[in-house]
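Engineer: Please find one structure pasted underneath; my questions will follow.
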Amino acid sequence: KLVSQSAGLTLLAGYRKQSDCRRNKLGQSRECCKQEAIRALTALSPGCALLQTRMQSLQPDPKAQYRSVYEALKKIVLTEGFWRPLRGINVTMLGAGPAHAMYFACYEKIKKSLSDTIQHGGNSHLANGIAGSVATLLHDAVMNPAEVVKQRMQMFNSPYKSVLQCVRTVRRTEGLGAFYRSYTTQLTMNVPFQAIHFITYEFMQEQVNPRREYNPLSHVFAGGVAGAVAAAATTPLDVCKTLLNTQENTALSSLNISGHLSGMVNAFRTVYKLGGIAGYFRGVQARVIYQIPSTAIAWSVYEFFKYFLTKHKLEKRTSF
């Protein structure tokens, strides 16, 4: 909802500026409209997923070197097309439904059981962290293959024209194991990510919504803050995961690595050799920008359905 509103306001500003541009020369008008279209796309978080993948590249093509999120988005839109930043979103949507259903169901069940044991029904940060970590195991089992396909399609000059072509080619040339080559790294990243995420969310809820009532603004705010903190803290692991998923040819060949890179330790060593300490934080800005609206929307939708279903259940009981 927030993403749609911000994008709408940005587009409105773009239309107004577009009208002013029409008074100028045709070339200036077209350039002006392109700039406003780029600003509108900046408001859409799915586009940041592609930017994150591109900006985490350790040895990018000279045509795909970016200094900032805005510059990256501008360059991609102008040279590769308006819809290019949304490439790979379809495969993410296919996996996100079942993955998040298992994720939140597991989280609620474990959180309730552990809270009753540790805090006698009260809120326990330890229970929240453990519940979030265990739920991640199920979530990543579904999402890891989708992430591999998505990131391969998002790379600059990707040879894949469709999701199906990418799946078939990877399976034929690298085997089914390629879809889970980064699974341990993904878990190593997402377990602390979700632990930090849930602990921060519950902490923020205690500050802004201590009575734990259904309050959309508090859920959006707490979700956004939790996503930003967790994303920034786990960026080094995400860079390693991207390297394992994409098997970046230029980077691997520069270190005379033949075959396919596998294993979290090897990924960490490779990133350090190519980029030093700074290499572990490539794309951190795009990652944080992507996660803020993503987690804010996820929590607001989840809390809405939780409130709606609980209210419906209580009304059903009182009617008898």
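Cβ coordinates come from backbone N, Cα and C, glycine included.
Not my notes, these are from TrEMBL:
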{"type": "REPEAT", "residues": "28-113", "note": "repeat 'Solcar'"}
{"type": "REPEAT", "residues": "123-207", "note": "repeat 'Solcar'"}
{"type": "REPEAT", "residues": "214-308", "note": "repeat 'Solcar'"}
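For each listed feature, how buried is it and what is near it?
Structural biologist: The helix, strand and coil residue counts that DSSP assigns across the repeat 'Solcar' (123-207) are 72 helix, 0 strand, 13 coil.
Across the repeat 'Solcar' (214-308), the DSSP tally of helix, strand and coil residues reads 77 helix, 0 strand, 18 coil.
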